[in-house]
Amino acid sequence: MSNNEIVFVTGNANKLKEVQSILTQEVDNNNKTIHLINEALDLEELQDTDLNAIALAKGKQAVAALGKGKPVFVEDTALRFDEFNGLPGAYIKWFLKSMGLEKIVKMLEPFENKNAEAVTTICFADSRGEYHFFQGITRGKIVPSRGPTTFGWDSIFEPFDSHGLTYAEMSKDAKNAISHRGKAFAQFKEYLYQNDF
């Protein structure tokens, strides 16, 4: 592995494309370039509401699978409904799989409060075996599905600062500028450019 290679553990092709777009954008910082390597490992998901604990469990599994000394990161995303005290949270993937987008929207139908927050938590294990966390949060509301339904729950989440568009209706660059994932990876990218890893 070269000095600036890091491994991203994900089997989600859409997530990989989005992260590549964010992390590999040119940054004028000591001519440092990040080389992203993808590993699609099958990691067990800790069932918990603590997003750092979930990300750390996945990070430790990734280090165990790939071997110590390789900079590696994992990412976990949650969708928290205000009306449900933060649920489904990290369980959103399972809600999507078992219910689908339409039924998730219907869950909030009886309630006036449709507000939610999208959260991305990154766990990065550096080459020294130290773990670092980065988190991005975007506030918004749950709406009936609009736009392409090819990327998780993007078509039902309308950020407050999106001018009335769901994530799915936004351009990639516009979404990355305000999204939970974009915010978390902006922090992570800054860390990578300022530190040896």
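Cβ atoms here come from the backbone N, Cα and C positions, even for glycine.
Here's what Swiss-Prot has on this protein:
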BINDING   10-15, Lys58, 76-77, Lys93, 151-154, Lys175, 180-181  ITP binding site
BINDING   Glu45  Mg(2+) binding site
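A map of Swiss-Prot features onto the structure.
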residue	record	DSSP (3 states)
Thr10	ITP binding site	coil
Glu45	Mg(2+) binding site	coil
Lys58	ITP binding site	helix
Lys93	ITP binding site	helix
Trp153	ITP binding site	coil
His180	ITP binding site	helix
Glu45 (Mg(2+) binding site) and Lys58 (ITP binding site), distance between Cα atoms, whole Å: 7
Alpha-carbon distance [Glu45 (Mg(2+) binding site); His180 (ITP binding site)] in Å: 20
Residue among the binding-site residues Ala13, Lys93, Trp153 whose Cβ has the most other Cβ atoms within 10 Å: Trp153
Nearest-integer angstrom distance between the alpha carbons (Cα) of Glu45 (Mg(2+) binding site) and Lys93 (ITP binding site): 11
Proximal but sequence-remote residues of the same chain as Thr10 (ITP binding site) (Cβ under 8 Å, at least 6 apart): Leu16, Val19, Asn38, Ala40, Val74, Glu75
